[in-house]
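J.: Here's the feature list from Swiss-Prot:
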{"type": "BINDING", "residues": "51-52, Gln129, 175-177, Glu195, 262-266, 272-273, Tyr321, Gly491", "note": "NAD(+) binding site"}
{"type": "ACT_SITE", "residues": "Cys409", "note": "active site"}
Amino acid sequence: MTRNDPSRTIAAPTGTTLNAKSWLTEAPLRMLMNNLHPDVAERPQELVVYGGIGRAARDWESFDAIVETLKRLDDDQTLLVQSGKPVGVFRTHADAPRVLIANSNLVPRWANWDHFNELDRKGLAMYGQMTAGSWIYIGAQGIVQGTYETFVEMGRQHFGGDLTGKWLFTGGLGGMGGAQPLAAVMAGASCLAVECRKSSIDMRLRTGYLDTWTDNLDEALRLIDESCKAGTPKSVGLLGNVADVLAELLKRGVKPDLLTDQTSAHDPVNGYLPQGWTVEQWDEKRVSAPKDVEKAARASMANHIRAMLGFHALGVPTVDYGNNLRQMALEEGVANAFDFPGFVPAYIRPLFCRGIGPFRWAALSGDPEDIAKTDAKVKELIPDNPHLHRWLDMAAEKIKFQGLPARICWVGLGDRDRLGLAFNEMVANGELKAPVVIGRDHLDSGSVASPNRETEAMADGSDAVSDWPLLNALLNTASGATWVSLHHGGGVGMGFSQHAGMVIVCDGTEAAAKRIGRVLWNDPATGVMRHADAGYDIAIDCAKEKGLDLPGILG
């Protein structure tokens, strides 16, 4: 079992020459490889895409076997992938998924980091995060619009919709957290983001998500102060330990206008640098003494939350951004760790009630012009949404593609299927140079159960009911998605979430159009269904408006 191979450099093929037997198998092949592109993955030589140890394949032997299997797979066969390892090929039918993926799922009694890490060390499991092991990660862009929408809503609720001259403090510039600086600037606020790894800061600078950096707190604060006074938002990365820096700001009485965090706190061994440790010590001890790392990291997380609570008490809008930091602190004795809310119940849930979430697509041609054309098609088909148009304009101007050109665009029920069918027609008539794939984050309205994040504080108390993502995966399979995934532990760690993903290929065929129409209607409809069942009036109204047949919910 080879987990680390510095000699490997992976990039997705581009153009129209097939390496597999059809676009239905070429697409997962390219997207798997794209997940490990050096400009996409955090540690590609270790197969780590993002989020601590979120991998694309269990080991390099499994990666090679997946690639070879996809190349020979027929269009009436389905490949089964178990925690990043290809385990079977079975005869199904042309409208069945070409790949079915299950990653890091454990029986609830054993669904904890200790048991998972034991399996992981034996080579029996793989942590797939959300889009790492489901082969639809598109770099930091994948989370940037959701982060932008959150910051815009924070500005609307707390500052009358204007973040000019305001600044956000946060931690973490990894694959998810790296979206925060650009999202803040897009929303009109400056951002001070603390990151312990210089390599992560360098990647955000290289890909355009961060404006500048320093290793000196006073210099960082000077840069933030200058940008706020000028009314020109700027993002500053600070090399350091976020728990130390936030405590120092509280001690000095320096108050940010907004406060959150996106360190990989969900994984106390691999995701959070303990206070007083160097990164080199941490990297060594993660292997040699993981229990010592976990103990020290958890203590630091508790201090981190205490500082956040201090600012919350001072009136600073403070929000958990879904990394389970509050839970870790609660388990370390911080009884009021949940005094400030998570971002979904505070800012995003009304969108989920209408099935609106992180719709994304990637151009298999590798040509950025294909994304420009699809951006224009979105504007054409959704002409009366200036907020969406502004997002697309900003994305085109400010977001650098990582790996295959891609776009993230939050749209909901009734729009996703229209866009998918339009993209398929653009492939059919030659407007696009090659097929596109359409997928989404597992962070969506109907595809996740995560009581400390997406399903926190549900109106009916159904936060932990995980039937919904299972039904979502089953329905997407029945509807004809090209690949479907069912994961455990993404975002918030082992024992705290179950979630499902889907990807569908627009190859320009009539058969694809039928699948697209089913999948891209049914997938967001499950989100409306889930929230209607929980009693949200917005979702109930949406379900009635769209004519959903929900017999046990609408009567």
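Every residue gets a Cβ built from N, Cα and C, even glycine.
Give me the lay of the land around each of these features.
T.: Annotation for Gln129 (NAD(+) binding site): spatial neighbours Val49, Tyr50, Gly51, Gly52, Gly54, Arg55, His487, Gly490, Gly491, criterion Cβ-Cβ under 8 Å with sequence separation of six or more.
According to DSSP, Cys409 (active site) is assigned to a strand segment. Listed in sequence order, the residues of the same chain lying 6 or more apart from Cys409 (active site) and placing their CB within less than 8 Å of its CB are Gln145, Phe359, Arg360, Val378, Leu388, Trp391, Leu392.
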J.: Just name the most isolated of the binding-site residues Tyr272, Tyr321, going by other Cβ atoms within 10 Å of its Cβ.
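T.: Comparing Cβ neighbour counts within 10 Å for the binding-site residues Tyr272, Tyr321 gives Tyr321.
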